[in-house]
């Protein structure tokens, strides 16, 4: 049997039915969706500038932008409507820091979720052999929960800036020819942001998954086991002391009852005196 088959046969895929491994698998899947919808995005918009002199017009001005959204580097040329001269402009803004941070968190979360799922399935005994594995897993889960919250919030703000900077009305306001009422400027089509909106949703869903998984990872650590032992020891002591007191009370009660019953019966001396009483009245003839 080849090593891959041996490893597959040794793996306990039943671990995926447990919340710990099941949530890790969901985190893996959602991380893929998060960095794919953000890191793989490319879009654009199209404008038209209709000058009074039709030969100077440009009815198809394409402006393309993509991840990592360094919009200030996106340039395009538009007519000035003053001869054949062209005006070179650029979009406003730079959301690369928030977008790259978001994608970086998603990629590393995917890699860790993949590694953790493999450990849960094929090396579960070694994972639970000592407290080091669950403790490291717990710390990393807390850190990634925080990173997902920060990254998703930052990218949500960055996406809002991207939407404003690529709004056709905002771009048209940059064109000097559109400030003249004699020229007609309009947007042919606006950029589609649905996938970027989806990336933000997946970012916060990843935060919820990682934050919810903290409890299940914590249950694997020694901290949870020691806490249970600490709670059970006082209960056991209270139960043993209660049983001991009840036993002493029962023993005392039974002894007292026995003594009381013994005191109710006539003693041997009294019985002898009573039996000898009638004999004293009998005289021999």
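Yeah, the Cβs are placed from backbone N, Cα and C, and that goes for glycine too.
Positions annotated as domain 'MARVEL' by TrEMBL: 15-222. Model confidence over the domain 'MARVEL' (15-222) is summarised by a mean pLDDT of 91.
The transmembrane segment annotation in TrEMBL covers 21-42 (among others). Using a Cβ-Cβ cut-off under 8 Å and counting only residues 6 or more beyond its ends in the same chain, the transmembrane segment (21-42) has close neighbours at 15, 64-67, 99, 102-103, 106-107, 109-110, 113-114, 116-117, 120-121, 155, 195-196, 198-199, 202-203, 205-206, 209-210, 212-213, 216.
Outside the transmembrane segment (101-123) by six or more residues, the chain places 7, 10-13, 15-16, 18, 20-21, 24-25, 27-28, 31-32, 34-35, 38-39, 67-68, 133, 137, 140, 144, 147-148, 151-152, 154-155, 158, 199, 203, 206, 210 with a CB less than 8 A from a CB of the stretch. Positions annotated as transmembrane segment by TrEMBL: 101-123 (among others).
Summarising the annotation, TrEMBL assigns transmembrane segment to 135-156 (among others). For the transmembrane segment (135-156), same-chain residues at least 6 beyond its ends with a Cβ under 8 Å from one of its own Cβ atoms are 38, 97-99, 101-102, 105-106, 108-109, 112, 116, 127, 199-200, 203-204, 206-207, 210-211, 213-214, 217-218, 220-222.
Taken from TrEMBL, the feature transmembrane segment covers 200-218 (among others).
As annotated by TrEMBL, region 'Disordered' applies to 237-285.
Residues or ranges marked as compositional bias 'Polar residues' by TrEMBL: 240-285.
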